[in-house]
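Working notes for the structure below.
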Amino acid sequence: MNNNRVKNGTMDLSYISLIGALWYIPIFTVIYIGIFLIFGSGELDNLSYMSVGLNSNRIFMLVMGIIIGGGFIKWAIGLGVTRKQFHKANIYSGAMMSVALTITMIVLGLIIGLLPFVGTENIQHNLDMHPVMNLITVALQVYLAYLAGSLIGIGFYKNGWFGALAIVITVVCNFLSEALDPFLVNALGLAEGAGILITVIAVIIVLIIVNRYFIKDIAIKI
């Protein structure tokens, strides 16, 4: 029964994110192509659809995390889902959507990249690992953004002070993933970007734990 509720919750929350993505991707694509049609690719050649889209995914998933974390917990609890089950469904659905959104943006980027008037920059200029590892890192960064958004949403639903704390945690986590890369690369002799991967994984683990702490005794508002 518990596993079924987590599974159903995961699918329901994923569906909510999917609806948002079905609005986000077409709007982003139209805006991107429109900008190049208006201004041309001369000064915008470093803005490929893939590179801009993968960064834009992080913003979208941050917003979806805030919406789902703060806007749907009361709905889920009302359906008999426990706080722990909601937490699991939330992190599972966020992971699924992060991977799906990253793959979708890459496929669309390859297609739109064939157009003669768009930018041609690589996926991430600061990631010099194997292409597969680069993509994993990008997907994890999107997932990190979702968890950060979820923390903010849950924090403000729980209490204004917790929401403010969640924002501080999010800013610090985002800073660490970029700032520690040079240190880890030099200290461990790794490829550029490996430090980001290591830090992002560590931050994701921390955010999952903090999300659980925020939600475990949250009072549902009537």
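Backbone N, Cα and C define each Cβ position, glycine as well.
Predicted, not measured: the structure shown is a model, and the values here were computed from it.
Residues or ranges marked as transmembrane segment in TrEMBL: 12-39, 59-77, 89-115, 135-154, 161-177, 183-210.
Highest Cβ contact count with the transmembrane segment (12-39) among the listed stretches 59-77, 135-154, 161-177 falls to 59-77 (criterion: pairs under 8 Å). Nonlocal intrachain contacts for the transmembrane segment (89-115), taken as residues 6+ away from its ends with a CB within less than 8 angstroms of a stretch CB, comprise 5-6, 8-14, 17-18, 21, 25, 29, 32-33, 48-50, 53-54, 57, 60-61, 64-65, 68-69, 76, 81, 123, 135, 138-140, 142-143, 146-147, 150, 208, 211.
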